[in-house]
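*Asks:* Just lifted these from TrEMBL, have a look:
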{"type": "BINDING", "residues": "His69, Ser87, Tyr158, Val159, Asn160, Ser175, His248, Pro249, Glu250, Thr265", "note": "iminosuccinate binding site"}
{"type": "BINDING", "residues": "Cys132, Cys222, Cys308", "note": "[4Fe-4S] cluster binding site"}
Amino acid sequence: MLDITAALREDPRADHVPAAARADGNLPLPHLYERVARHVTPAEWPLIAREVEAIERLKRTHNAVILGHNYQAPEIFNTVADIVGDSLALAREAVNVDADIIVMAGVHFMAETAKLLNPSKTVLIPDATAGCSLAESITAADIRLLKQLYPGVPVVTYVNTSAEVKAESDYCCTSGNAVKVVRAVAKERGVDRILMLPDEYLARNVQKEVPEIELIAWKGHCEVHERFTPQDIRDLREAHPGVVVLAHPECPPEVVAEADYAGSTAGMSDYVRDEKPGRVVLITECSMADNVSVQYPDIEFVRPCNLCPHMRRITLSAIRRSLETMTQQVEIDPAIADRARASVERMLAIR
Ligand code: 13P
Ligand code: SF4
């Protein structure tokens with residue numbers, strides 16, 4: 001996880017800033033512009049910088065912190081987000097946040113998770129309609145029915161679900177810890193069958209790692225990752241010889257089988273940091289490559305682009321309005337929250 005505030009204090013990377021931007025000494029917040037110069041033109045920047053300044057003022061006034069998911073647009077991820085990371089890192093960080101207000105620059109289930117872990121804090125989601133096709137794919141009633149069909153089989157649900165669904169679950173998991181959680185649950189509960197919901201592809205990808213446990217899956221899919229095909233990967237390899245392919249485990253297993261590595265958004269970011277491939281492609285939401293590439297100007301990122309329409313609902317102006325009006329506040333029925341929190345806490349307890 002990158003601490004943006006610390007990184008900004010000493011960001012030496014000006015060499016990849018377009019010459020036009022460097023030539024214009026009048027650009028506001030030049031130290032931040034350097035971080036987004038590949039995606040924002042000098043002409044666009046003054047308006048964006050005004051929003052950034054307004055948000056920074058509001059953050060100070062309200063003692064607010066912004067958590068930003070790795071899929072956020074570069075002008076959010078690289079400027080106003082105080083803490084950035086994958087779903088697991090944001091869930092963990094939500095526990096340690098020393099602020100009165102948490103703004104989730106991410107999608108609704110992420111804001112709910114932050115609220116579950118910080119019941120006394122105000123948690124804001126700048127656009128309450130920022131959903132997720134996986135979270136939409138299953139309801140609490142579905143889980144209750146599955147529990148009747150599979151009595152005694154523990155339920156592990158992906159963090160990409162509503163609080164109501166988490167409340168019906170035994171454990172939560174993320175793409176970053178799914179294998180570890182499934183192994184721990186099998187051991188703790190003494191079982192060799194687990195309901196792993198709702199992402200069919202994540203379950204099938206995890207299944208390959210844990211042949212000793214039978215995972216019963218659901219038919220939920222991520223609308224971004226399900227669009228990648230094995231042929232896409234073969235075409236990318238042909239068009240970009242030597243490219244290292246990193247895929248998110250929400251991709252179909254046939255796609256993951258063609259990749260060199262599969263992992264969460266943080267896992268992919270860490271792979272780039274540790275292995276420094278000369279040429280790489282991230283088979284995931286396309287803002288991810290925009291954000292990771294800022295840190296590695298010498299690595300060539302091949303960029304097929306599948307955008308998550310839900311993540312795109314979060315904009316700088318939506319964040320500013322959210323802090324100005326203290327909306328949309330995330331509220332969870334306490335009866336649901338207690339049980340949902342327990343499933344998230346059981347996950348966080350697994351190390
Ligand atoms: P990560 O947990 O890997 O950040 O993924 C969240 C997500 O929504 C992926 O589509
Ligand atoms: Fe949901 Fe897919 Fe968007 Fe992630 S990328 S938030 S799983 S729809």
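Every residue gets a Cβ built from N, Cα and C, even glycine.
These numbers come from a predicted model, not from an experiment.
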*Asks:* Given the [4Fe-4S] cluster site residues Cys132, Cys222, Cys308, which other residues of that chain have a Cβ within 8 Å of the mean position of their Cβ atoms, reported in sequence order?
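*Replies:* Close Cβ neighbours, site residues excluded: Val107, Ser133, Leu134, Asn160, Glu223, Val224, His225, Glu250, Glu285, His310, Met311.
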*Asks:* Starting from the Cα of Cys132 ([4Fe-4S] cluster binding site), work out which of the binding-site residues (Tyr158, Asn160, His248, Glu250) are within 10 Å.
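*Replies:* Correct set: Asn160.
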*Asks:* Given Cys132, Tyr158, Asn160, Cys222, Cys308 as the binding-site residues, which ones have a Cβ positioned under 6 Å from some atom of ligand 2?
*Replies:* Cys132, Asn160, Cys222, Cys308
*Asks:* Using Cβ atoms only, which residues of the same chain lie under 8 Å from His69 (iminosuccinate binding site) while being at least 6 residues apart in sequence?
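*Replies:* Set apart from His69 (iminosuccinate binding site) by at least 6 residues yet with Cβ under 8 Å, we have Val84, Gly85, Asp86, Ser87, Leu90, Ala105, Gly106, Val107, Met110, Thr265, Met311.
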*Asks:* Quick one: give me the count of other CB atoms within 10 A of the CB of Asn160 (iminosuccinate binding site).
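*Replies:* Step by step: centre on the Cβ of Asn160 (iminosuccinate binding site), count other Cβ atoms within 10 Å, giving 28.
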*Asks:* Round to the nearest Å and give the CA-to-CA distance linking Asn160 (iminosuccinate binding site) with Cys308 ([4Fe-4S] cluster binding site).
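*Replies:* So the alpha carbons of Asn160 (iminosuccinate binding site) and Cys308 ([4Fe-4S] cluster binding site) sit roughly 14 Å from each other.
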*Asks:* Whole-number Å only: compute the distance from the Cα of Glu250 (iminosuccinate binding site) to the Cα of Cys308 ([4Fe-4S] cluster binding site).
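*Replies:* Rounded to a whole number, the Cα-Cα distance is 13 Å.
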*Asks:* What are the non-local neighbours of His248 (iminosuccinate binding site), defined as same-chain residues 6+ apart in sequence with CB under 8 A from its CB?
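*Replies:* For His248 (iminosuccinate binding site), the qualifying residues are Ser175, His225, Ala262, Gly263, Ser264, Thr265, Met268, Leu282, Ile283, Thr284.
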